[in-house]
């Protein structure tokens, strides 16, 4: 009996995966996936018998059968993602959290959505509103809107892009986003939509070329693909395969970029790259990859420092073109320079990625509540996996939460958007909204203090 228990933990982990799929996912599968699962069950039964009969310790069991566990988990995630396609991401997460018995932080119940804002039919003016309520829409609807927003730029029709390939790709990207509170397809769409708003409401539209913006749009939709709701530090501390592959540098961002291009290469029906002339393909790759990698917060300070120096020079040259110093003329952004256009798009993708504080307060809080839930869930995983727990991610109370929002917005988001508004003054509305939200956060803190 004691020998039987030597690999009990590994056996239990396999059994729980199979039980979860049988209990909660099987009845929603189509016949093809049911057949695939039946094959996996047959393999599982054989492995279970082997592990009972063989005197393997935990490590040996993992070394021999670990790949099957990964296959099982991948099948589970894909099935969950297929099932959530016709749901809203927030509802799919809520349902999964209930099923697995995981707890919600108190903030999760404070999410507010106005159903009167629901758009029954696509209206470009609605999605040009920075406060478009994407949480009201299913993943399927957001995929449809993403295609229409890209079509609105006229790039597909002007360049002979097959929009069915575009639609297939966006759906496949969506199906590779997981059921997590924050880093899901709705978040990817939010970055994409904020970039869309910025592009059509500023000189960004005339600064970058249509192909470059098209590349950044798809990079936006792909920038967090296959995110599992944990950050880079978790991957590094866990010594995950991805952390080893990317030697602890921008682990997730490298994985997202790699996953995006694997999807493009996976099937001709997804390969938007093949729709472009050969001479344009390297441009697409360069913009897409660098934009995704620019979402790594580890690069934030260097990006902002560079933007500040060059942005201020750009503003001075714009104000006094004939009277500017040679240094300012050298530093100023030039739309004739491909590297400048790439840098500006990288900055914009990064800024939109952390741009929740640019939204009105209720919308901003909805996103912040979901991110707090995901952070808290990570600390639970850290405890279970025996890796160092990042205590600052654990939800404690509302006052601590407000302090965290104030710190992040003041330290990272506001300085970045202030510099963007120097280059593109038409986007001044965003730093103005951040300042308004900072003021309201302070007021909420005071109310909290008064009630205590």
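We count from 1, first residue shown onward.
Every residue gets a Cβ built from N, Cα and C, even glycine.
Computed over the domain 'PDEase' (100-448), the whole-number mean pLDDT of the model equals 97. The domain 'PDEase' feature in TrEMBL is assigned to 100-448.
Under the heading AMP binding site, TrEMBL lists 183, 184, 185, 186, 187, 224, 353, 405. Non-local neighbourhood of residue 185 (AMP binding site): 89, 139, 142, 143, 173, 174, 177, each in the same chain, at least six residues away, with C-beta under 8 Å from its C-beta. DSSP assigns residue 185 (AMP binding site) to a helical segment in the three-state reduction.
According to TrEMBL, the active site, proton donor annotation covers 183. Around the Cβ of residue 183 (AMP binding site), the same chain contributes 177, 224, 227, 229, 374, each under 8 angstroms and 6 or more positions distant in sequence.
Per TrEMBL, Zn(2+) 1 binding site is recorded for 187, 223, 224, 353. Residue 224 (AMP binding site) falls outside any helix or strand according to DSSP and counts as coil.
TrEMBL lists 224 with the feature Zn(2+) 2 binding site. In this view, residue 224 (AMP binding site) is surrounded by 26 other Cβ atoms within 10 Å of its Cβ, with every protein chain counted.
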Largest CA-to-CA spread of AMP binders 183, 184, 185, 186, 187, 224, 353, 405, angstrom:
23
Cα distance (Å, whole number) from residue 223 (Zn(2+) 1 binding site) to residue 186 (AMP binding site)
12
Tell me the coarse DSSP state (helix, strand, coil) of residue 405 (AMP binding site).
helix
Once the DSSP letters are reduced so that anything not helix or strand counts as coil, what is residue 353 (AMP binding site)?
helix
